[in-house]
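Data first, discussion second: the structure below is written as structure tokens.
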Amino acid sequence: AVESAKGKYAHMLFNELFEDYSNALRPVEDTDKVLNVTLQITLSQIKDMDERNQILSAYLWIRQSWYDAYLRWDKDKYDGLDSIRIPSNLVWRPDIVLYNKADDDFSEPVNTNVVLRYDGKITWDAPAITKSSCVVDVSYFPFDSQQCNLTFGSWTYNGNQVDLINSLDSGDLSDFIEDVEWEIHGMPAVKNVITYGCCSEPYPDVTFTLILKRKSSFYIFNLLLPCILISFLAPLGFYLPADSGEKVSLGVTVLLALTVFQLMVAEIMPPSENVPLIGKYYIATMTMITASTALTIIIMNLHHCGSEAKPVPQWAKVVILDYMSKIFFVYDVGENCTSPKREKEEECRLEGDDGGQRRHKEVRSPLSSRNDDCNLKEKLNGNWNKSYGVDGENVNCCSCYKMLIKNIEYIANCVRDHKANRAKGIEWKKVAKVMDRFFMWIFFIMVFFMSVLIIGKAA
């Protein structure tokens, strides 16, 4: 019986209130009086942040409240009925819009019910999915912070007719659903009164600044960490042996891999003049790999210098072969890097044993060597007689020895020149090996410092 009585009074109240009511005019008794509209924004969810198109999509709850001078009643006359819920299109509503809207859909707001109180206060809660323009600064991507503004104001009423009042100093974040990519660090609200060029009247608006901090874990593991690991492969190209034929191909492969990551970053970033931090890192790394590949080609030319090349300059012998080779632990070509001294001692010991044995033989049998010389002379004389058809008694033995010495000297000179040319090529190979080690450590240090620099931006 009580419920039916309240429903009866509600119908009676509704019919009496809206009998002569018009929702087309501003509900004030005095047209010179300002109507105050209280605005409150509740952020429920960030649906999307499109950095390339610079659009923020958010799910908001917009609460507006104002007083309607023509919708009041005495609640005692209606059995204590203090509020009713009615469709929002039946009452006058302020034309509060999002100024920086970036959506092509200009449909009407959601026609949710409004709460009408006996004193004329109307509260309208309406959900909205907004797409607003947001100037995105990607200079420190993926460790960047963004500030996106949501500016609300009346489209046709100036400040002398409708005035906006902040319900709170900031947007309400109590019902915010955590986003997987962004952290919310605040949503302060500021009221602005602006006089536009078209009109002399002031137009108030309320600007909510959404402060966002990007969660960079996804980009660290998918874009940054692979780049760092690939970058550390570039200096190892100097450690590869020159005869392997893979030094240049390794540098080119690493360069192509970094180019793929660079294109992935370019697809999600806006085409602006601000190059993101990770893009700068990619460009610096690609420049370094390009330089390392060029140096590898130059060093390979030094490695393959043959016998026709000029000898190693004296300054290079002193600086590179004497000092730098010891600093970077570079040994002679073909020498074991783990125990070079041991092998040298073994060779010297073997040579010493052979020399001792030879000296022992010479001391022990000097007469036998003389007999061998005599036999050698007889054989040479016999060969000379057979080849020229003359008697060995008439041939001068001295001329035979002179020709033999001349041939031996020629052979010795050829062997000596061959050894000198071979030593020249070995020196150039060692120079190339020392330069490889030098640039390997230089580029390792460069990659390390660049990685520490970009990771330090995350702190």
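Cβ atoms are placed via backbone N, Cα and C, with glycine included.
Curation does not apply to TrEMBL; its annotations are automatic.
Here TrEMBL flags 345-357 as compositional bias 'Basic and acidic residues'.
Look at TrEMBL and you will find 12-215 tagged as domain 'Neurotransmitter-gated ion-channel ligand-binding'.
Annotation source TrEMBL lists domain 'Neurotransmitter-gated ion-channel transmembrane' at 223-454.
Positions annotated as region 'Disordered' by TrEMBL: 345-366.
Panel annotation: around the transmembrane segment (218-242), residues 141-142, 181, 248, 250-251, 254, 257-258, 261, 264-265, 278, 281-282, 285, 288-289, 292-293, 295-296, 299-300, 303-304, 429, 432-433, 436-437, 439-441, 443-444, 447, 450-451, 454, 458 of the same chain, lying at least six beyond its termini, place a Cβ under 8 Å from a Cβ of the stretch. Look at TrEMBL and you will find 218-242 (among others) tagged as transmembrane segment.
Positions annotated as transmembrane segment by TrEMBL: 248-269 (among others). Among residues of the same chain six or more beyond the transmembrane segment (248-269), those with a C-beta under 8 A of the stretch's C-beta atoms are 51-52, 138, 141, 223, 226-227, 230-231, 233-234, 236-237, 240, 276, 278-279, 282-283, 285-286, 289-290, 292-293, 296-297, 300.
Feature annotation from TrEMBL assigns transmembrane segment to 281-303 (among others).
The transmembrane segment annotation in TrEMBL covers 438-456 (among others).
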When the pLDDT values for the domain 'Neurotransmitter-gated ion-channel ligand-binding' (12-215) are averaged, what is the result? 90
